[in-house]
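To start, the structure itself, in structure tokens.
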Amino acid sequence: MKLIFNYSFYIIAIGTVLLAIASSLVGSLNVYKGQSLIGDAMGHAAFPGIILAFMLSSSKNVIFMLIGAALSAGLSYILVEMSGKKSKIDLNSNLAIYLSGFFGLGLVLKTYILGNANFRVSSQAGLDNFIFGQAAYMLKSDIYLIAIVAAICLILITIYYKEFKISLFDYEYAKLVNCPVKKLETIQLLMTILIIAVGIKSVGVVLISSFLIIPNIIASQWSKKFINVLIIGALISSLAAFIGTYLSSAINDFSTGPTIIIILGFFCIFSFVFGKKRREKK
């Protein structure tokens, strides 16, 4: 119980809870848009941006690396969109191509700097942590970044709630009533990029997609209403983040990000078995 009053624990818990809430809200928008895997592709695509930022700056400056991650993730989205328009390849196939391609590029660049004398003067320790995350080393500065991004996402979703609801559930009607669908798509993309950029240090490029997708899946088992799904998803993901952070802090050798995902997985199974949809089928 002493852990509850530990300052370091609260720093990590606040960061993961804020990230979980923001991720669940933005992830739900992507799921309803039919792009549930876009976060997975962009998360993996952020890795080469991180390595390139390190190569250009010769340091692990958080701001540089987050900018690199955001630019790389954004580029992957643009390429996916272009491929979808200029070829007959479906969205999921495009996502798989760029997911593996960008992540493979990141691993190649990572291997390159390991054996290159030009980068030996720079500390490369910790670059691997961006793959699976390392929330245990979260700093106050990381909390501030996550809090700013979470606030931006919450404000934008609140302001454009009605517009998002119309465009996500009836795209053609939204265009008919002059709903700013292109503007909403841009806002949604930018929010996704921001979440990925600030989240990969905590949960890694591999697991960030779970933060975006699983809360919506859980919430959808308990309600069909859009607002209810957003609220339930945010509550469940924040609870999972707190429990996962506590367990990983209390038990040695437990990584925070994967532990949170495991807790979300348990909530997901519970919802499949006891959720409202299950009861309605009976």
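In case you wondered, yes, glycine gets a Cβ from its N, Cα and C as well.
TrEMBL: automatically predicted annotations, no manual curation.
Annotated transmembrane segment per TrEMBL: 7-31, 37-55, 62-80, 95-114, 143-161, 190-214, 226-248, 254-274, in sequence order.
Within its own chain, the transmembrane segment (254-274) is flanked in space by residues 12, 16, 20, 132-136, 202-204, 207, 210-211, 214-215, 217-218, 221-222, 236-237, 239-241, 243-245, 247-248, which lie at least six positions past its ends and keep a Cβ under 8 Å from the stretch.
Residues 38-39, 135-136, 138-140, 142-143, 146-147, 149-150, 153-154, 157, 164, 168, 188, 191-192, 195, 198-199, 202-203, 208, 211-213, 215-217, 219, 229-230, 233-234, 236-238, 240-242, 244-246, 249, 256, 260 of the same chain, all 6+ positions outside the transmembrane segment (7-31), place their C-beta atoms under 8 angstroms from a C-beta of that stretch.
Against the transmembrane segment (62-80), stretch 37-55 shows more Cβ pairs under 8 Å than any other of 37-55, 95-114, 143-161, 190-214, 226-248. The stretch from 37-55, 143-161, 226-248 with the most CB pairs below 8 A to the transmembrane segment (190-214) is 37-55. When Cβ-Cβ distances below 8 Å are used as the criterion, the transmembrane segment (95-114) is approached by residues 37-38, 40-41, 44-45, 47-48, 50-52, 54-55, 72, 76, 79-80, 83, 89, 124, 127-128, 205 of the same chain, each at least six residues removed from its ends. Sequence-remote contacts of a segment are chain residues at least 6 beyond its ends whose Cβ falls under 8 Å from one of its Cβ atoms, and for the transmembrane segment (143-161) they are 11, 14-15, 18-19, 21-22, 25-26, 29, 62, 66, 184, 187, 191, 194-195, 197-199, 202, 227, 230.
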